[in-house]
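Presented below is the structure to which this report refers.
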Amino acid sequence: MAAARAPRALTSASPGSGKAKLTHPGKAILAGGLAGGIEICITFPTEYVKTQLQLDERSHPPRYRGIGDCVRQTVRSHGLLGLYRGLSSLLYGSIPKAAVRFGTFEFLSNHMRDAQGRLDSTRGLLCGLGAGVPEAVVVVCPMETIKVKFIHDQTSASPKYRGFFHGVREIVREQGLKGTYQGLTATVLKQGSNQGIRFFVMTSLRNWYRGDNPNKPMNPLITGVFGAIAGAASVFGNTPLDVIKTRMQGLEAHKYRNTLDCGLQILRNEGLKAFYKGTVPRLGRVCLDVAIVFIIYDEVVKLLNKVWKAD
């Protein structure tokens with residue numbers, strides 16, 4: 001592609017030039033997958049606690065008194081590794097999830113930049129929404145459904161799943177493929193809004209930081225701070241959808257006719273506060289999650305730019 005036609009990519013710059021270099025979607029897929037795998041290994045304990053608190057419904061006597069009590073009970077019963085129960089199900093999904101997200105975002109954003117290669121905030125929002133939907137349908141919904149069922153099963157009195165793959169086989173055998181796509185509508189809404197908010201905030205902050213110099217290098221620390229801010233914004237923006245999604249994918253999903261019915265039942269039986277159950281552990285996890293992912297993604301793309309010459 002001629003230099004005059006190359007749009008500016010979100011993560012790479014061409015020093016000394018008025019326009020930034022295109023980030024090839026293939027690079028985005030590789031960098032995104034690596035970033036997703038590393039991130040989930042670091043942040044999984046907070047995801048585990050968040051899921052436990054959301055499944056601890058108020059309609060029954062609460063099992064946990066809060067975040068600290070959930071951690072204490074888990075460590076006392078299963079040791080420190082107990083906080084990593086269900087990791088495999090999320091790890092298998094995190095790598096392709098981030099790969100699809102960043103690959104799609106770069107593909108869309110490379111076609112939506114202006115003549116100077118800039119991506120404005122509105123287009124960043126649209127590209128984020130566009131990246132979140134296929135991420136939800138292809139990877140997130142089936143993997144999150146399996147993860148929630150697996151964690152729920154492992155914390156029951158008599159666990160029936162011997163491992164991740166055994167759990168997948170049992171879920172498919174008992175419920176068919178439909179059993180791995182529970183809560184699809186809530187998941188699409190959640191992921192679409194998630195990525196829309198995050199990329200909107202990241203694009204806005206990057207544009208503000210770089211000002212009139214689109215090639216101004218981004219320090220990893222600055223990228224991490226911007227990522228944490230983007231993560232916090234997405235948490236407060238769509239935690240209710242995350243709660244509904246988790247309920248729709250749990251072992252008691254049969255109680256709800258659909259996504260709307262789930263939301264109405266939660267509101268009627270538990271009140272508005274229930275929609276923000278698990279917000280604190282999710283906030284800590286997501287801020288760290290988004291910061292780590294964007295840092296690793298940016299650095300891997302920089303490395304790939306040195307060894308993979310693609311127009």
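Here, residue 1 is simply the first one shown, and the rest follow in order.
Backbone N, Cα and C atoms are what each Cβ position is placed from, and that goes for glycine too.
It should be emphasised that the depicted structure is a prediction, and the values quoted were computed from it without experimental measurement.
Annotation source Swiss-Prot lists region 'Disordered' at 1-22. For 1-15, the entry in Swiss-Prot reads compositional bias 'Low complexity'. Feature annotation from Swiss-Prot assigns repeat 'Solcar 1' to 23-111. The transmembrane segment annotation in Swiss-Prot covers 29-46, 86-105, 129-143, 183-202, 224-241, 278-297. Under the heading repeat 'Solcar 2', Swiss-Prot lists 122-208, citing sequence analysis as support. Per Swiss-Prot, phosphoserine is recorded for SER156. Annotated repeat 'Solcar 3' per Swiss-Prot: 218-303, in sequence order.
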Stretch-level contact, the transmembrane segment (29-46) and the transmembrane segment (224-241), CB cutoff 8 A, at least 3 pairs: no
Per Cβ pairs under 8 Å, the stretch of 86-105, 183-202, 224-241, 278-297 packing most closely against the transmembrane segment (129-143): 183-202
For the repeat 'Solcar 1' (23-111), residues assigned helix / strand / coil by DSSP: 71 helix, 0 strand, 18 coil
Packing count at the residue listed as 'phosphoserine' (other Cβ atoms within 10 Å of its Cβ): 11
Residues in the repeat 'Solcar 3' (218-303) grouped by DSSP into helix, strand and remaining coil: 75 helix, 0 strand, 11 coil
Chain residues in Cβ proximity to the transmembrane segment (278-297) (below 8 Å; excluding those fewer than six residues from its ends, i.e. six or more beyond): 11, 28, 31-32, 34-36, 38-40, 42-43, 46-47, 49-51, 53-54, 67, 98, 102, 198, 202, 220, 223-228, 230-232, 234-236, 239, 242-243
Structural state of SER156 (phosphoserine), classified by DSSP into three states: coil
